[in-house]
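**Student:** Here's the feature list from Swiss-Prot:
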DOMAIN    127-434  domain 'SAM-dependent MTase PRMT-type'
BINDING   Gln140, Arg149, Gly173, Glu195, Glu224, Thr252  S-adenosyl-L-methionine binding site
MOD_RES   Arg487  asymmetric dimethylarginine
Amino acid sequence: MCEQLARLHGCNILIIGDNDCLVNKYGHSVTIACGYDPQGMSVRILKEGGGGGGGGGGGQQLEEYPVNAKTTHLNHGHTSHVVVAGGEMLYLKFASKADCQLFRSLLQKMSGKVNSVFNLRTEDSSASQYFQFYGYLSQQQNMMQDFVRTSTYQRAIYSNSQDFHNKIVLDVGAGSGILSFFAVQAGAAKVYAVEASNMAQYAQQLVHSNNLNGKITVIAGKIEEIELPEMVDVIISEPMGYMLYNERMLETYLHGKKWLKPEGKMFPSRGDLHVAPFTDEALYMEQYNKANFWMQSEFHGVNLVSLRDAAMKEYFRQPIVDTFDIRICMAKSIRHTTNFLTADEKDLHRIQIDVEFHILETGTCHGLAFWFDVEFAGSCSQIWLSTAPTESLTHWYQVRCLLQTPIFVKQGQVLSGKVVLAANQRQSYDVEIDLKLEGTMITSCNTLDLKNPYFRYTGAPVPAPPGSNTTSPSEAYWGQLDAQGARNAVNLVNGITVNGLGEVDMSIINSNMMPMGNQPNIHPGLISSTGRQQSAQQQVTPSQQLTMNPTIACAATSTQNVAQQQLIGGAISPSLFTTPTQQIINSHHAQPIHGGQFY
């Protein structure tokens, strides 16, 4: 671990033997290494001496025991302590009274954490799963490769460098430490990077390899439980989850304000959750038809019908995580703002959003759509990070909550009600929706479990909602081709290309290359702005594909395959934006045609 709490040499581990007498478990003295663990403390048993053994020096690791606030232990004399771990009772005999007292102080400190703010609001199983998830490098990579997320944070910090120059900075939930590095690059004098998962050890490794040990101090622990040696000028963090509040990391971010100096800065400074009614018959029927599986009365001779109602309720309790065309929204979004500088963490235990939507078009309201924006209000500039469906897609996507009973609404009507986000101990929220169509008796409500969303995003371009075309798409397409053909009209004279002026075009004589437009090296099915389609001049015709070297895949196909391999949880590998596309004709004379640069 990156934070070693204690290393105690010359210890003996005794257990009860077959004859009910204490015997040395390993037959020799050992070193007890105590280190940080998200759930308490890790006790590693090492061979005495040697140079290996899992970091920090010491001998070979013989065993490791997790010790937490629920672990049974008791004092045994001045130099011994009894711990029940690994399914057996261990008698730890230390080399000195001082070592024994140090070990007991660590246990006492750990036991005091059982009543920390975080532990009181979080189930043990949820916390364990949460910290394990964020302890994986692959998950950190997923977030870091979200270009919009990472680059917006970088710009917000760089463009407000005077807020960081020679300042003390706290990075809450530092993860890999990327924001801490940005702060140092902006001139921070000192950064305390606090990370509760085992990712802290990797963050420390990055700090060391980048020669920033004097600038960045990695602290392994929860912000609710650790102590800082000084107050800070700025707090930075990336605490947002789905629908802004999921994972309840925002409460941890706000808790960190106990270390913030008066008039200190917070990056981000505020968060806006947007809520809008939407119509999407296809999505509704998709969930509805899943539940209809249980309508079968003869499934391998078994009648499933009695479970259909329970299945329907379960499917409609799932928030949908994907993206959509904003034109499916039936009214202007309602904005709920949380000012991180003034809000208290208790304000996020129950969030009520009163809504009143003035319907802009007639149709069926199938539920409510959610997205968020956050602001970085610095001294020099204000930068916004948006997850709106009109903006480039991020790993937060957007979230939609369906009504099991949709509401038919007409243009000009008012749809009112409330949305309540009730925090639970699973680090998430129960989303309660209650809507009424004003002037009628029509109502609809639903309760959804934000901890159990349905990840629906497939990478395919988002289609426009039905009925969006106001002119004939067919005529528009052929008209565009006709106009392009008129501009590029050519004639063939004895097999030689001649332009519209009657002059021989020498540019493609003795060339087997097929002229085609530059193609940016990004597949339209990846994270792109909502509803954008691949342009006509970027398509590869079947005849072009047939003439290409079969050993070299054409870009329209190969980019897609590479994308599928490099798309990790919603983030795109940077190589997709840097590797040039090549179209090669089946001829030894052919030269590659490079795709256009993507900006």
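Residue 1 is the first one shown; counting continues down the chain.
Glycine is no exception: its Cβ is also placed from the backbone N, Cα and C atoms.
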**Student:** How far apart, in Å, are the two Cα atoms that lie farthest from each other among Gln140, Arg149, Gly173, Glu195, Glu224, Thr252, the residues recorded as binding S-adenosyl-L-methionine?
**Tutor:** 26
**Student:** Taking the Cβ of each of the binding-site residues and counting other Cβ atoms inside 10 Å, which one has the highest number: Gln140, Thr252?
**Tutor:** Thr252
**Student:** Restricting to the chain of Glu224 (S-adenosyl-L-methionine binding site) and a gap of 6 or more, list residues whose Cβ falls under 8 Å of its Cβ, or answer none.
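**Tutor:** Looking at Cβ-Cβ distances below 8 Å from Glu224 (S-adenosyl-L-methionine binding site), excluding near sequence neighbours, one finds Ser116, Val117, Phe118, Asn119, Thr252, His255.
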**Student:** Once the chains shown are all counted, how many other Cβ atoms turn up within 10 Å of the Cβ of Arg149 (S-adenosyl-L-methionine binding site)?
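**Tutor:** There are 19 such Cβ atoms around Arg149 (S-adenosyl-L-methionine binding site).
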**Student:** If you average pLDDT over the domain 'SAM-dependent MTase PRMT-type' (127-434), what do you get?
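**Tutor:** In the predicted model, the domain 'SAM-dependent MTase PRMT-type' (127-434) has a mean pLDDT of 97.
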**Student:** DSSP secondary structure for Gln140 (S-adenosyl-L-methionine binding site), reduced to helix/strand/coil, please.
**Tutor:** helix
